[in-house]
Amino acid sequence: METRALWLMLLVVLVAGSSGIAADYVGLSPSQCMVPANVRVDCGYPSVTSEQCNNRGCCFDSSIPNVPWCFKPLQETECTF
C-alpha cells in the first residue's frame, strides 16, 4: 500500500510540474517566434489561449494589439555552401 501511495504522489508531482511547460513554445526555438507584427500569419482563432496556440505548433504574443496573437513561426533554414 505504501508503494502505491508513493507512485501516486510521484504521478501527481509530474503532472503538476508539466502544466507549466505548456506555456513554452512546443518544439520551437525562440528565434522562430521573432516574427515582425506586419508579416504574421494567423494560426489561431478568436480567444485562443497561449497554451492552445503553442499546442498547435504556433507562436503566441499578445503584447501588440490589432495583429494576430497566435501566428505561424518562421521556418528555420539550413545554410548550404
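Every residue, even glycine, has its Cβ placed from backbone N, Cα and C.
Sequence annotations record features per position, and here Swiss-Prot assigns disulfide bond to Cys33-Cys59 (among others) based on sequence analysis. Cβ contacts within 10 Å of Cys59 (disulfide bond), excluding its own Cβ and spanning all protein chains shown: 25. DSSP assigns Cys59 (disulfide bond) to a strand segment in the three-state reduction.
Under 8 Å, Cβ to Cβ, and six or more positions away along its own chain, Cys43 (disulfide bond) finds Cys53, Arg56, Cys58, Cys59, Pro68, Cys70, Phe71, Lys72. The disulfide bond feature in Swiss-Prot is assigned to Cys43-Cys58 (among others); the stated evidence is sequence analysis.
Look at Cys53 (disulfide bond): DSSP puts it in a helix. The annotation disulfide bond is assigned in Swiss-Prot to Cys53-Cys70 (among others).
As annotated by Swiss-Prot, domain 'P-type' applies to 31-74.
According to Swiss-Prot, the feature signal peptide maps to 1-22, an assignment based on sequence analysis.
Looking at Cys33, Cys53, Cys58, the disulfide-bonded residues in this record, the fewest other C-beta atoms within 10 angstroms of the C-beta turn up around Cys33.
For Cys70 (disulfide bond), the Cβ neighbour count at a 10 Å cut-off comes to 22, with all displayed protein chains included.
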